[in-house]
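To keep things clear, I will list the structure first and then write my remarks on it.
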Amino acid sequence: MVDDNGSSPEVEGAEGAGAPLLALLRVDGLNQTQTRSPSPSFFGSYNISEDVYFYFNGLPTSTELVLNATTSATSATLSPAMVATGGGGTTTPEPDLSEFLEALPNDRVGLLAFLFLFSFATVFGNSLVILAVIRERYLHTATNYFITSLAVADCLVGLVVMPFSALYEVLENTWFFGTDWCDIWRSLDVLFSTASILNLCVISLDRYWAITDPFSYPMRMTVKRAAGLIAAVWICSSAISFPAIVWWRAARDGEMPAYKCTFTEHLGYLVFSSTISFYLPLLVMVFTYCRIYRAAVIQTRSLKIGTKQVLMASGELQLTLRIHRGGTTRDQQNQVSGGGGGGGGGGGGGGSLSHSHSHSHHHHHNHGGGTTTSTPEEPDDEPLSALHNNGLARHRHMGKNFSLSRKLAKFAKEKKAAKTLGIVMGVFIICWLPFFVVNLLSGFCIECIEHEEIVSAIVTWLGWINSCMNPVIYACWSRDFRRAFVRLLCMCCPRKIRRKYQPTMRSKSQRFATRRCYSTCSLHGIQHVRHNSCEQTYI
């Protein structure tokens, strides 16, 4: 029954009781055969379909229920997000988010749960990185400070940006949190994503400086300089995000559509932000990693060549050789054998090096004849026992050897770090390149993108996958971070489990013991301290 004003008494009673819009629609949709004429106070002049509301509440859609509005028949299916203000001045109750979530179909609920789980994994993994660098002193390096800044940006993406985007996508681009928070959320999305990309760019520059100029790098990359670079990253990211939102709100024509969270599609801003946020950092990263790869190949080749030259001349182990003093291999060999009874041979290789250890250790190398005999009790002691005839020469030579081993170990760690960060860069390109291609294409030719909303959602979440992948890459490729992660994860475990994993971690006392081992070998020349074991402990 409809009164003179065109409104239903049941509806008025429900509205007076403060029932939500979905309940009103449920009351009106009970009689499927009755043709209704809802008043303008319901939907007014809005060309709005009730399909999604009926779908969410298990009611017949417009294909089964004919709705004849007083102004015009509803023909298009729009988003359920709306504020229906009628010509009579009556405002319908605003849709409630909780009711929408309760009425979601199972497939949408599963998608929402998956996206929330993905957001949690991003926050959890990056929080591990942050806590690891804070707790473990051996991770207090300039590179790891940059990685911490990257983890902070990625963690905030998972904490602030992803959950609201998940709701927005699952509810078919419906925004329930107001216009102000929409603008803030969009600006934070730009801020954190740009900061993540720029941090990767700074990390690539840091690795480039460390590998191409390793001697001056420790003096150049101080804590203050690292803090300055991190501050520059966040200031630049803020300059791209927040002022643009202020400009966007001032230049926007009219009010933002109700229950929508749109962002500027101005071509100038899209080109500017994409260039600063992605394309320039991408060029810098590609350039630096190409140079890093070339430098690593050259240094690795030179180390191998230098080691082989000394191996052919003296027959010693690799870590006791190759000293950069400007001299030749013959000079280095004479330094080792010059003070004892061995008698260093000339360049023709006819000489021999022999000695007798106090514990019946003996070995003989005949370079000319090509024969080698060895009768040691402990073969691993040969590199040290071969030098015991001349204490001063042994002391100098071992000091050089240990210095070389430290350089080799440091270079190996630098090269592995560069490889790890190269993988990070590759994942970064795969994740973010589609988004910025679509971002620019939407400014030039939005019609060229079929199913634009679906494509935008896919490439956006693909970019956010990068924030979740970085901690996984650190755990898989960085032994230091892997140790720190195990420590953190075992803190809540029983003491037996913590003790089980404790020997696999290099503690502070173990690092000091390693240094004492090198000091003892260098100063006192103890014959039974194995060179190889010292090196393995150090590395």
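Glycine too: its Cβ is placed from the backbone N, Cα and C atoms.
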Exercise. Based on the record in Swiss-Prot, give the one of Cys155, Cys182, Cys431 in a disulfide bond with Cys261.
Key: Cys182
Quiz item: Based on Swiss-Prot, do His140 and Trp209 face the same side of the membrane?
Solution: yes
Quiz item: Quick one: do the transmembrane segment (421-441) and the transmembrane segment (190-206) have at least 3 Cβ pairs under 8 Å, skipping pairs fewer than 6 apart in sequence?
Solution: yes
Quiz item: Of Cys261, Cys492, which of the recorded positions has the most Cβ neighbours inside 10 Å?
Solution: Cys261
Exercise. Please work out whether the transmembrane segment (146-166) lies in contact with the transmembrane segment (267-287), by counting C-beta pairs under 8 angstroms that are 6 or more apart in sequence and asking whether there are at least 3.
Key: no
Quiz prompt | Among 190-206, 228-248, 267-287, 454-474, stretch most in contact with the transmembrane segment (114-134) (C-beta, under 8 angstroms) | solution = 454-474
Quiz item: Is Cys182 (disulfide bond) helix, strand or coil when read with DSSP?
Solution: helix
Self-check item: Integer Å distance between the CA atoms belonging to Cys261 (disulfide bond) and Cys492 (S-palmitoyl cysteine)
Solution: 42
Quiz item: Counting all other Cβ atoms within 10 Å across every protein chain shown, which of the recorded positions Cys182, Cys493 scores highest?
Solution: Cys182
Quiz item: By DSSP, how many residues in the topological domain 'Cytoplasmic' (207-227) are helix, how many strand, and how many coil?
Solution: 15 helix, 0 strand, 6 coil
